[in-house]
Amino acid sequence: MRVMEMRKNCQHLWKWGTMLLGMLMICSAAEDLWVTVYYGVPVWKEATTTLFCASEAKAYKTEVHNVWAKHACVPTDPNPQEVLLENVTENFNMWKNNMVEQMHEDIISLWDQSLKPCVKLTPLCVTLNCTDANLNGTNVTSSSGGTMMENGEIKNCSFQVTTSRRDKTQKKYALFYKLDVVPIEKGNISPKNNTSNNTSYGNYTLIHCNSSVITQACPKVSFEPIPIHYCTPAGFAILKCNDKKFNGTGPCKNVSTVQCTHGIRPVVSTQLLLNGSLAEEEVVIRSENFTDNVKTIIVQLNASVQINCTRPNNNTRKSITKGPGRVIYATGQIIGDIRKAHCNLSRAQWNNTLKQVVTKLREQFDNKTIVFTSSSGGDPEIVLHSFNCGGEFFYCNTTQLFNSTWNSTEGSNNTGGNDTITLPCRIKQIVNMWQEVGKAMYAPPISGQIKCISNITGLLLTRDGGEDTTNTTEIFRLGGGNMRDNWRSELYKYKVVRIEPLGVAPTRAKRRVVQREKRAVGTIGAMFLGFLGAAGSTMGAGSITLTVQARHLLSGIVQQQNNLLRAIEAQQHLLQLTVWGIKQLQARVLAVERYLRDQQLLGIWGCSGKLICTTTVPWNASWSNKSLNMIWNNMTWMQWEREIDNYTGIIYNLLEESQNQQEKNEQELLELDKWANLWNWFDITQWLWYIRIFIMIVGGLVGLKIVFAVLSIVNRVRQGYSPLSFQTHLPAPRGPDRPEGIEGEGGERDRDRSGGAVNGFLTLIWDDLWTLCSFSYHRLRDLLLIVVRIVELLGRRGWEALKYWWNLLQYWSQELKNSAVSLLNTTAIAVAEGTDRIIEVAQRILRAFLHIPRRIRQGLERALL
């Protein structure tokens, strides 16, 4: 019984042991994943970088110094590439776009730089004795459009100017527009001179003299806006949204990538956007927040409205010298037509445009009544439509454009027709600089008539606010003044991204490297020592931080380049570099920095020159537990990058540590390289070394043989023995019953042999070598026989063990099978018995129901009886 109990316990132990072994085999069969580095993956991240310009500046009046291009932009690409990104959805935000800020700063720098060498008007900030210019004597043409210039619109002023001799002044005369001078004190001329007209006189000064530094634009400066393409340096790209109804914010499903934007004309204007891009389908309105009346509404039209502006009168320009090389240009006289400057546009086109704008505004503001009205007041640049036309700055009244009410059906006071709308304009020569406070520019008069044709492509609207939520009317006015909105109307569909070509993902492939145990070394502290922190360490300790030093070295190079760029930017007025020149230099240096950084990381990870690089870093499921099929077949690189974005720093550090350990292992392996591969022993380059060793061994053996022979002879001589010859036969002693032999060479000879002593040195060497080889052969043969015997025993034992395990596996398989069959039989019997019981109960219940009528009949019979 005791034996049977022990046998049962052993059987249970074998059963559980087999189950554990199977579980271990299943767990060990699970495949391991390893980090693989990929270079050139299509991944990007939002970034801000230095953009540079491309333009065909030489095609626009090469003899004129253009403010915008300055001939420093690179030529445009004749075949620009635009790559459509399929199945890509990207978020855009035109109101938080660094490209707008960068363009704004660039235009400011260009204005400042173009005016830097020009003449300051400080000597003209004196008292001007002005009267109304007499315009009655001019010839008036009968051309249509425009109104007569009002009396007093132009002032004839006299002032004192210092000549080339500083102690001598000279009186000069010049014509100034009424908007450019402000009165100091004003009165009427004395009655004795009041015989011809009611001309007023007074003391004036130039506007902005007390608050700004006025600079005269250089004579050959041209303000004609030419298309400027903003481009990204290498390593960056521009994403472009091609959705035709894109409102400026939110996701865009039709995305492409370009290297440069389209040609953007930096038109400085208010209220109306001129010569911009058009919407492809319907009118589009954009605002950062439509419910906030402070936010400007940018309207992009789908069809342009042509506006023709002109200054009819023919002005002459006179020069006033105030010193050597310093000349001030002013209006000498007005010849010919004395009508006001004005702009004409088609009423039908404008009304059709307003109708489409109203439709979009109603969609946004719940079908309310839309009222367009004039500006509520402010600076002339805001109240009037200001822009540059042929070098003169026009300020036009747009009340006729925005003076209508649109109810739910049609505009109430919107007059139709095909007539022309004429906007009266005034000209200012002293313009308050829009980009900075405290600066103003004097635009010298342009001689001759001025005409310019522009296209209205957009509007800048502001909405009146109010707390009355029940109001059914929304009032809109033309606005502007913030030039960022002008640039934003063109850059709304672009965003700059930084290309991240390095990607990591799990694969089944593992780098084949030297396998050694990782030793615990104190590298954590050294990682934070910095670039020069390991200078006082030993060479062994310093080699651990080589990657840290390489990284800090590159950071030092980048820092030096940034310092150089800042120095150049600070001294660009001495180096004569334009803002575009600075940006091109920054862009090119930035591209080199990006490339060096990527190559540095690849080198640190041991992946230089590889597009796909396997590593020995195991993939951690905590980074992403998705399967390989899910990752490689269902996710894009952008989605995968977002998945592991929080762990890329950890992965990079592990890759660096793994490569450091691998390099250390390889260094230790090189020290044992001669013993690493037995096949190298047969390398022909080692034969001379082998021959030399062989000669040394043979020489040593022969020398030992000679030494021992001499010592033996000396020992025998000392014992009184004198050898007759080296060939003397020394037979072994025999017994009396073993004769030496019989005649005829019969009989048995002794086994002992006495070989004759060899003659000569070479014969002696050969004899020793033969003895050595024979000894080595016999020993190797014995060793081989022992090894064969051991292998045979191991094989027999192994085969017996395999047969034992196989029989055990068969036994337990049969036991499991029998147990399963027994369990199934028991279950089947229990189910069958239960089913029989259920069927029997159901039959009894059914019989009871069937016997109810019989029981009723029997009861009635008993009752009747």
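From the backbone N, Cα and C atoms, a Cβ is placed for every residue, glycine too.
Feature list (source: Swiss-Prot):
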COILED    642-676  coiled coil
COMPBIAS  735-754  compositional bias 'Basic and acidic residues'
CARBOHYD  Asn136  N-linked glycosylation site
CARBOHYD  Asn156  N-linked glycosylation site
CARBOHYD  Asn193  N-linked glycosylation site
CARBOHYD  Asn194  N-linked glycosylation site
CARBOHYD  Asn197  N-linked glycosylation site
CARBOHYD  Asn254  N-linked glycosylation site
CARBOHYD  Asn289  N-linked glycosylation site
CARBOHYD  Asn314  N-linked glycosylation site
CARBOHYD  Asn344  N-linked glycosylation site
CARBOHYD  Asn407  N-linked glycosylation site
CARBOHYD  Asn471  N-linked glycosylation site
CARBOHYD  Asn620  N-linked glycosylation site
REGION    130-156  region 'V1'
REGION    157-209  region 'V2'
REGION    309-342  region 'V3'
REGION    520-541  region 'Fusion peptide'
REGION    671-692  region 'MPER'
TRANSMEM  694-714  transmembrane segment
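Shown here: features listed in Swiss-Prot, placed on the structure.
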residue: Asn156; record: N-linked glycosylation site; Cβ contacts under 8 Å, 6 or more apart: Cys130, Thr131, Asp132, Ala133, Asn134, Tyr173, Ala174, Leu175
residue: Asn254; record: N-linked glycosylation site; Cβ contacts under 8 Å, 6 or more apart: Leu84, Cys241, Asn242, Asp243
residue: Asn289; record: N-linked glycosylation site; Cβ contacts under 8 Å, 6 or more apart: Lys295
residue: Asn407; record: N-linked glycosylation site; Cβ contacts under 8 Å, 6 or more apart: Thr369
residue: Asn471; record: N-linked glycosylation site; Cβ contacts under 8 Å, 6 or more apart: Lys368
residue: Asn620; record: N-linked glycosylation site; Cβ contacts under 8 Å, 6 or more apart: none
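Per-residue confidence over the region 'MPER' (671-692) averages out at a pLDDT of 66.
Here the Cα atom of Asn314 (N-linked glycosylation site) is found 19 Å from that of Asn344 (N-linked glycosylation site).
According to DSSP, Asn344 (N-linked glycosylation site) sits within a strand segment. A sphere of 10 angstroms centred on the C-beta of Asn344 (N-linked glycosylation site) encloses 16 other C-beta atoms.
Look at Asn471 (N-linked glycosylation site): DSSP puts it in coil.
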